[in-house]
Amino acid sequence: MDILHSQLAAVQQKLSWVQTEPINWKLYVQAFSWTVTLFESYLLLRQYPLYSKKAPPAALEKDFEPGAFEKSQAYGKDKAKFALFSGLYKQILDSTLLHFGFYAWSWQAAGQLIAKLGYNSKYEITQSIAFVFILYFLSTIPTLPLSVYGTFVLEEKHGFNKTTPRLFVTDMIKSWLLAFTFGAPFLAAFLKIFQWAGDRFVPWLMAFMISFQLIMVILYPTVIQPLFNKLSPLAEGDLKQRIEGLAVKLRFPLKHLYEIDGSKRSSHSNAYFFGLPWAKHIVIFDTLIQQSKPEEVEAVLAHELGHWFFMHPTKMLFISQVHIFSILALFPAFLHAPPLLASFDFPPHVARAPPTIVAFLLFQMILTPIEAVVSIIMNAVSRKFEFEADRFAVDLEDRVRATGGEKAAAGMNDMGERLGRALVSLHVKNLSTVWVDWLYSAYHHSHPTLTERLKGLEQFQAEKMKKRN
């Protein structure tokens, strides 16, 4: 532990200039946040002309019914227009709030609020919690029209929205209550670690955050998700038998198999698994069951179990922890930097002793361009994992045969073909874009495009047959 702290101290020494140099951090944040927003707008403008194509890629022409491709293109075009407007709108809003000292005002307002409750400025954690929720609520209100438009105009126009105005409001209220119920204790513990550990907070904070993530793995499906969706045991039948059989053959520790009422809000579909290493739960959207045949859903789950087999969630968790550690290792220099707060219009008496939560939020803004690059890298890793999971589905027959014999592998020889059909079906029924600009995809997409995945499946299948011959 001492070696770690000495290395972290060396990093802080190299960043000591942050604590004294009068840098215009606000101008830096404004410039780079606008750079990121304009780059994202440029990517949308690269993608937009592809929505004017009159026909799908040749390999997919047979999969589109008359009029379906045109609907897909219209949906993509409308989403792109909305994304362009909402991105610029949010950036203008954030830039305006930043320019007029919204963060400094919110800290002052939080102090006034807790003063009415009998607390003074010595109660930094209490004021910090009030500060975060003032920011959260006041920054949410101006973006509510975007959420309303996206749900009740855009998604409604293209036949996907199932959310009623009542459900929209109740979902929003539940989200706010959950944010306070879980956010306030988390923030209190987060800040208490800083007070207790001082500048040696990094390993303790990492341990706390990992523990919190594990707790949420348990609480989300049992406490949070039931507040929004109904999870029911998957009905007896062919699909259940297929999935349970697949889990047994792969020794997947399946504890529960659920169907979720995703159609309550949208006609989009999905499937995923979650849980601790020794007890996993599979959740299938009712829309996926309605839109796909049982053998296709089985292939989709074979792909998902490929992620489990190759430990992709664990690897992504590890990568994210390295990322978080890197951020926390740099933070102490900014934690003790009065010029940072002064640059964002905080009064001298606050800037002299920077509140931890204020310094941390401003520090995150400074990292905006770095986070954009990290996002591209994470997407590249995620796409690699998607190809590996696709290959797993193709090779599943050979894997099962090697461990369970010929009988266990029966009926799995076309798993890759079934997965391909399922992907095409889901793309067509969800009006997903089939023409994608490569740079737009690299920045935004955590999954390969449909044509990339279909080519990959063909290649994996060819390699499988070549290996047998």
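Don't overthink the numbers, they just go from 1 along the chain as shown.
Glycine too: its Cβ is placed from the backbone N, Cα and C atoms.
Remember, it's a predicted structure, so these values are computed and weren't measured experimentally.
According to TrEMBL, the domain 'CAAX prenyl protease 1 N-terminal' annotation covers 47-230.
The transmembrane segment annotation in TrEMBL covers 125-154 (among others).
Positions annotated as transmembrane segment by TrEMBL: 175-195 (among others).
Among the features that TrEMBL reports, transmembrane segment is placed at 201-220 (among others).
According to TrEMBL, the feature domain 'Peptidase M48' maps to 234-459.
Per TrEMBL, Zn(2+) binding site is recorded for His303, His307, Glu386. Taking Cβ-Cβ distances under 8 Å and a sequence gap of 6 or more within the same chain, the neighbours of Glu386 (Zn(2+) binding site) are Ser446, His447, Pro448, Arg453.
TrEMBL lists 317-337 (among others) with the feature transmembrane segment.
According to TrEMBL, the transmembrane segment annotation covers 357-381 (among others).
Among the features that TrEMBL reports, active site, proton donor is placed at Asp390. For Asp390 (active site, proton donor), the same-chain residues that are 6 or more apart in sequence and have a Cβ closer than 8 Å to its Cβ are His303, Gly306, Gly416, Leu419, Arg453, Gly456, Leu457, Phe460.
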Per-residue pLDDT averaged over the domain 'CAAX prenyl protease 1 N-terminal' (47-230), given as an integer: 91
Among His303, His307, the one of these binding-site residues whose Cβ has the fewest neighbouring Cβ atoms within 10 Å: His307
